[in-house]
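K.L.:
Annotation comment: Swiss-Prot describes SER57, THR58, ARG59, THR60, GLN84, ARG108, HIS135, PRO136, CYS137, GLN138, CYS269, LEU270, ARG297 as carbamoyl phosphate binding site, evidence class sequence analysis. The L-ornithine binding site annotation in Swiss-Prot covers ASN166, ASP230, SER234, MET235.
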Amino acid sequence: MSTVQVPKLNTKDLLTLEELTQEEIISLIEFAIYLKNNKQEPLLQGKILGLIFDKHSTRTRVSFEAGMVQLGGHGMFLSGKEMQMGRGETVSDTAKVLSQYIDGIMIRTFSHADVEELAKESSIPVINGLTDDHHPCQALADLMTIYEEVNTFKGIKLAYVGDGNNVCHSLLLASAKVGMHMTVATPIGYEPNEEIVKKALAIAKETGAEIEILHNPELAVNEADFIYTDVWMSMGQEGEEEKYTLFQPYQINKELVKHAKQTYRFLHCLPAHREEEVTGEIIDGPQSIVFEQAGNRLHAQKALLVSLFKNVEEPS
């Protein structure tokens with residue numbers, strides 16, 4: 001640990017990327033890259049992270065559990081359905097009880113308000129592993145992936161095409177924070193949340209970022225350095241068959257990517273539905289970096305865990 005300092009964060013929790021400054025985000029990314037190259041740093045020896053899941057997960061569960069093991073700690077899986085919280089115990093009581101037993105909480109659930117209450121009532125760090133509104137850990141990994149590719153955010157254009165969902169929301173805040181140009185193209189009626197867009201635009205004024213919300217996918221990806229998409233059907237929306245027809249012009253395919261820079265890179269938070277939001281030709285092609293991106297979930301989250309846990313040990 002002689003070469004890279006543990007980032008000092010001015011927050012107990014990570015619920016959205018609003019809580020981090022540009023400097024903190026860059027420090028986390030640099031620390032994550034260090035940890036990527038030094039996987040077995042036992043920086044959280046003996047620490048326990050509770051992992052509460054109300055939604056299915058592959059990447060979030062495995063990356064947090066593996067990350068805690070690599071850092072010398074332990075990840076404890078807690079099914080939301082099996083906890084007393086699933087049978088009527090309040091979020092507040094759950095937060096206070098867990099604070100007596102473990103050192104931190106990661107929660108992946110539906111209601112963002114529940115995560116906010118959990119953080120408010122707990123004395124230990126709480127990390128949002130995904131809600132219906134935000135996915136900050138994914139956005140941190142996305143920023144890390146972009147930074148590894150081009151070593152800057154200034155002058156870089158990220159195009160997000162598809163549903164204006166939780167991933168889109170966190171990317172908007174992330175891009176605004178680091179001063180990156182981000183365009184979003186969605187069908188009418190599927191734009192990102194208006195309040196989150198307003199927050200991103202306000203942050204962008206301070207950082208020099210550009211944020212554009214469009215409905216034309218070709219315009220959105222024009223001269224883009226990175227093209228990003230997500231599934232058209234988020235968890236809980238399966239069966240909305242009419243969305244498939246509406247979203248078809250927003251598929252990432254060889255015709256659409258012709259409008260991007262020739263050197264563009266393709267991003268996807270996964271899981272992917274090939275031949276729906278993206279063709280196999282693109283996601284499995286040479287300009288796709290989706291698996292490197294998925295791998296960076298592990299490293300970005302490790303950096304976040306160490307930073308938040310150390311903040312509790314050494315409050316400013």
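Along the chain as shown, the residues are counted starting at 1.
Glycine is treated like the rest: Cβ placed from N, Cα and C.
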K.L.:
I'm trying to understand the geometry here, so how far is the Cα atom of SER234 (L-ornithine binding site) from the Cα atom of CYS137 (carbamoyl phosphate binding site), in Å to the nearest whole number?
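P.N.:
Between the alpha carbons of SER234 (L-ornithine binding site) and CYS137 (carbamoyl phosphate binding site) there are 17 Å.
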K.L.:
Within 10 Å of each Cβ, count the other Cβ atoms, then let me know which of the binding-site residues SER57, GLN84, ASN166, SER234 comes out lowest.
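P.N.:
Among the binding-site residues SER57, GLN84, ASN166, SER234, the lowest count of other Cβ atoms within 10 Å belongs to GLN84.
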K.L.:
Looking only at DSSP and grouping its letters into three states, which state does ASN166 (L-ornithine binding site) belong to?
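P.N.:
DSSP assigns ASN166 (L-ornithine binding site) to helix.
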K.L.:
Quick one: give me the count of other CB atoms within 10 A of the CB of ASP230 (L-ornithine binding site).
P.N.:
27
K.L.:
Looking only at C-alpha atoms, tell me how far ARG59 (carbamoyl phosphate binding site) is from ASP230 (L-ornithine binding site), rounded to the nearest Å.
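P.N.:
ARG59 (carbamoyl phosphate binding site) to ASP230 (L-ornithine binding site), Cα-Cα distance: 15 Å.
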K.L.:
Which chain-mates of ARG297 (carbamoyl phosphate binding site) that are at least 6 residues away have a CB under 8 A from its CB, listed by sequence?
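P.N.:
In sequence order, the residues whose Cβ lies under 8 Å from that of ARG297 (carbamoyl phosphate binding site) (at least 6 apart) are ARG59, THR60, SER63, CYS137, GLN138, ALA141.
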K.L.:
What subset of the binding-site residues SER57, GLN84, HIS135, CYS269 lies within 10 angstroms of ASN166 (L-ornithine binding site), using C-alpha positions?
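P.N.:
The binding-site residues passing the 10 Å Cα test are HIS135.
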K.L.:
If one looks at the chain holding CYS269 (carbamoyl phosphate binding site), which residues at least 6 apart in sequence have a CB under 8 angstroms from its CB?
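P.N.:
Those within reach of CYS269 (carbamoyl phosphate binding site), by Cβ under 8 Å and sequence separation of 6 or more, are HIS135, GLN138, ASP142, VAL167, ASP230, GLN293.
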